[in-house]
Structures are given as C-alpha cells and as structure tokens.
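Input: a single structure, listed below in structure tokens.
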Ligand SMILES: Cc1cc2nc3c(=O)[nH]c(=O)nc-3n(C[C@H](O)[C@H](O)[C@H](O)COP(=O)(O)OP(=O)(O)OC[C@H]3O[C@@H](n4cnc5c(N)ncnc54)[C@H](O)[C@@H]3O)c2cc1C
Ligand code: SF4
Ligand code: FES
C-alpha cells in the first residue's frame, strides 16, 4: 500500500514573476526516475508543501506534453503561498499527487473551444489550452476570455501574445481597474460577450475563476446556447488531503478533490443550493 | 452451527493468553466513571484486568480511536529529510465491543479503503478480531433497535471470509458465563486456538441466551422511525426551518462529532522547532465555521444552519446514498455528550414526522 500522504522533493528550476503577488514556478522532481515517469492530465492538481509551514492544493499549469517538469502559478493568499513566493530558484518544494479528474478534451474533437477564466483561474486552464494547441488540428475555433483585477494582475503576459497570434484563435482580455496604458476592455469577464460571437451550438466551454464569476458566466453561456453538459467548471474548495478522506471539500455526496475538481454544469446544478457549489 | 460457552471467571486468563498473539484492547475503567478501549500492557496484565469492565453502558469515547486517533503523526522531518512514521500492521483483538460499534468500525474501515487507501488507518486495523459483547442494560440514549444495529447482531448462516454481519464472535451474558456465537471463519479459528477456555454450549444455555437478547432489546425504550427519516432526507423533504431551529440552540462545539463512531473528518498541520518538525492530522468537524473557509475568505457554508444541514445530511442522506448504510448506528453518544441536549435521535424523530414545527428541539425543556 502506498503512503499517499508522503510528499516528494522537487527543485525550483526557474521563477517567472506574473504580478505583484503571483509567480510561476518551474519545478523538477529531485528523483530522476520519478521526474521521467511522472504523468498527469490538464486540470489536475498537486498538494504542495513546505515542511513546517503547511500544504495546499495547487493546479498544474504546465501541459502534459512538456515532459520532465511541472509548472505552478501561485498567488500569495496566506501562510504557505506567501512563503513559497519568497523562495528563489534552487529551493525545494514538496509535492504529492496528481489528484482529481481533468478537463476532458476528447469529447471536444471538431468542436469550438471556449476558455473563460477569472484571476487565478487561468493557471489550471492554461494546461488544457496548451494541450489543445498541441493538437490544434483536432479543434475548430478557439476563444479565450480572461479577466483580471488590473493589467498587472494578468498572468502569462508573454504567452498571451503568442496565443493572440495563433490562427483561428481569439484572445479577449478585460480588467476591472485599468491603468493609464490599458487600451482593452474594462469590466467583468461577462462584458466580453458584447465583443465577440459566443455560439454554444458547436462549442465546449471550460471555466475557472471565483464563484461569483462562475455564476454569471454560466448564465451567459446558457443564453448563448451552450448545453449544460458542455460547460466544464473547475471548483475550488478548502482541501486538506486531496484523497477523499479529510472531508473538507465535500459538496453533497461528492468530494471535489476526487470526484472533481472539474464538473459539468449539469452535475453542479444537481448539488443542493445550500452547499453553494458556485 | 455450534455455539460455545465462555465462563466469566476464565475471561481474564483468556485475555492474558490471547495478548501474547494479539494486541488486545478491552473496555477499561480508569479513574472516575469514564470508560475507554485500552490496550493490555506488556506487564502487570493481572492488575490491569481488574479494571476490565464488560458491563458498561457504552464508552463515550468510541473505539474508532484505536485506528483513528484524535492526533496522529504522519511523518517527521529534519533538514528537509522526511522520516515516514507509518504504524506497523499488528494483529488486534478488540474484545468487548458493542454491536453499534462493530457496525461503525466496519463502516469506517470501508471508508478508509475507498478510492485511495489510507495506510495509517488500514495498517492499524487490517488484521483484527472483533469480539462483540452485547448490551445487557442499554443506556437510555441508545436507539439501536431503530437503526437495526443492535443490541445484538444476527448470526450469519454461513461463515464467509468476508464478515457478513460484522462480528467474529458475539457474546451473550447468561449469568456466570457468556454464550459465544460465531460470526466468521476467523472467529471459529480463535475458539480452536484457545480451546481450553471454551466449552460447547447446551440447549438450555442457548435458550437462556435467547431470553437475554430479548430482554436487552426490550430495555431499549427510545424508538424512532429511522427508515422514514432517512427516506425524507433522501427525498429532500427536510426544510431549512428544521436546521434553523437546531442552529438556534447548538453552540457548534463539535462534541457530538468527536464522539461519533463514524465521523472521520480531519485537519492536517505542520509543527516545527528549529530544523526538526512533523506533519500530523487531528480530528476536525463540519460544524466549525472554519471547516470550509478558504484562504480568500470565501466560505461556501458561512451560516450555522448550513453546517447543521451538512452535519445531519452527511450521516442520514449522503452516507446512505453512497454506501447503502446510514452513518448513524444509534449509539446515542451525541445526545449523551451534547451540552445543550441535542441528539441525532431527536432530529430523526422530527424529520420522520415531517412537520414544519420541531418541538423537542425548541429548547423549552
Ligand atoms: C483544486 C485547487 C486548485 C488550486 N489551484 C491554485 C493555483 O493554481 N494557484 C493558486 O495560487 N491557488 C490555487 N488554489 C488555492 C490555494 O490552494 C489557496 O490559496 C491556498 O491553499 C492558500 O494557502 P495558504 O497557506 O497560503 O493560506 P492560509 O490562509 O494560511 O491557509 C491555511 C491552510 O488552509 C487551507 N486552505 C485555505 N484556502 C484554501 C483553498 N482555497 N483551497 C484549499 N485549501 C485551502 C490550506 O490547507 C492551507 O494550508 C487552488 C485551490 C484548489 C482547491
Ligand atoms: S455537541 Fe451539541 S452543541 Fe456541540 S456541535 Fe453537537 S449538537 Fe451542537
Ligand atoms: S480534500 Fe480531503 S476529502 Fe477532499
């Protein structure tokens, strides 16, 4: 029997600043065999820890085609995330996982893909976005709608430019509070609906962001004819184990950590209202 | 199948012998009236067993602590090196369990085995023998006849490898001895290994045991319509008002969940002193406000009634829907421990009535 609670050391190879409170870490397992054999799917997460400080679930933001390393984008929220964001390249993180289900892409073959992210919701979507780009011919149009509080808080600024220039791909950005250089849209993510054509008939939507954003995005998606089962949402819940044991992430009879974190809206609709899945 | 007889005056020696092979846990009364399952020590077994108590009501602290301690070390670390601290698998004899607790143990075993296997729990509990001693005088808060989890469990017709009813051996108090019923191959083997302590029971003794079981069953006066309540829970017929009424009174101390034999929620935390430290887990409870509060401050269950709803629906709806068995075994511990006198039995009673008003929880008693 494997000890699922035991984390494995991984070294930080490089760090990319995303914004004042968010950085992206490229890490490699210290154990070379593990680094080589490690597999995951887009949308899965790892439990990341610093010994003596704590452990938290963090989505894998790299895509599985990038072999031998993992990337995580981490925003400072509390004790552990602050400590991680103070580390330098060469430091060790402790990882266990991967956990959870994933964003399915097989079902989306030949369809148009719509990715809708708010704030720190883009990192998990980035994994599936890049997986889709790795197999670009399989899909129709790709649209990425992404909103952040301010221009500085947009993650992956360089990569956004790359995505923008890909054929048959549209990237729409928005911020709540613009700075003097910002020329794009201002307002919450749903205001982007006026800027582009959102057609759910041949579309699959992938959504991640704060609960309030998800709620409004789903309403918009349904209006745009997206089917409930074609809307995939990654939920966030307080998590302690990632194994379906500690109980913290439960919603109704499900565990977000093992049954999710990705659910279709059709599934989410069946959760009792009082459990406030979104 | 043959039944056996175990004379009461042989129990001490049986336990001393068995403890050579098994880590042996028994209900044990230390200072005061509180009773707990405690492991027989390596030395001084005779003296220790003077405080063995098989005629207790029910131990407030459930035997789940044997495999799922309130605080458990997961691993230690020093200068970045992790030292695994998994408990070694040992053979355990749990002697003197109540029927409800046998059911609860199997329920929790199943939970820790589902999806991911929890090595800490399973190592502690994989190889065990469950010896049930049925209640003679059940405590007043129990309602196991309603949940069909006691005071005795039915004897399986054949002995499969897999425990069907739950116990390996079931003991019925018939005066100066116990009638011993066999529930599994493992239980049968135990009797064979410790032959000298057991004798074959006569017809008369079997009859006596039937009377004893009947008396115990009749002594349980707290009755609730459990099936109806579970049905109402599963069909979402429980109104928010029911939970709000409980919320007015509950002080959210979590006591009821700590003593619940099927509660398994835990928290994980690190401790560190200098370069050394450890990661541990400890019991947690869904009635706490911080249980679902995320680092951003967002809390999907900020209101008390939501947490109360979670607390009862987990046991009486979701457990039932996922496993076919409800998470309540009718042991009555929640009522016995609650400082404001709320028990799941009252909630069940009210939900079974399916009335908007919930009188017994209104706080005017
Ligand atoms: C599936 C999933 C994926 C996530 N992916 C990312 C990501 O890619 N990038 C990112 O920046 N953040 C992500 N988060 C949120 C991140 O886990 C929390 O911000 C983080 O746990 C805060 O920990 P802390 O120690 O800094 O905060 P503190 O407030 O000090 O938290 C203390 C402890 O509470 C628990 N906790 C608090 N909030 C959460 C939460 N929202 N979810 C789970 N546990 C929590 C953790 O165990 C943590 O150790 C994700 C959360 C989930 C559930
Ligand atoms: S023991 Fe009583 S007061 Fe405490 S959480 Fe349980 S029901 Fe509420
Ligand atoms: S995080 Fe522990 S059960 Fe889901």
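Even glycines carry a Cβ here, placed using N, Cα and C.
Just so you know, TrEMBL annotations are computer predictions that nobody has curated.
Of the residues A:208, A:257, TrEMBL puts just one in the [2Fe-2S] cluster site with A:241, A:246, A:249: A:257. In the three-state DSSP scheme, residue A:257 ([2Fe-2S] cluster binding site) is classed as coil. The secondary structure of residue A:249 ([2Fe-2S] cluster binding site), as reduced to three states from DSSP, is coil rather than helix or strand.
The local packing around residue A:257 ([2Fe-2S] cluster binding site), expressed as other Cβ atoms within 10 Å of its Cβ over all shown chains, amounts to 28. Same-chain residues that are not part of A:241, A:246, A:249, A:257 yet have a Cβ within 8 Å of the Cβ center of the [2Fe-2S] cluster site turn out to be A:239, A:240, A:242, A:243, A:244, A:245, A:247, A:248, A:255, A:256, A:258.
Under 8 angstroms separates the C-beta of A:241, A:246 from a C-beta of chain B, among the binding-site residues A:241, A:246, A:257.
Fewest other C-beta atoms within 10 Å: among the binding-site residues A:241, A:246, A:249, that description fits A:246.
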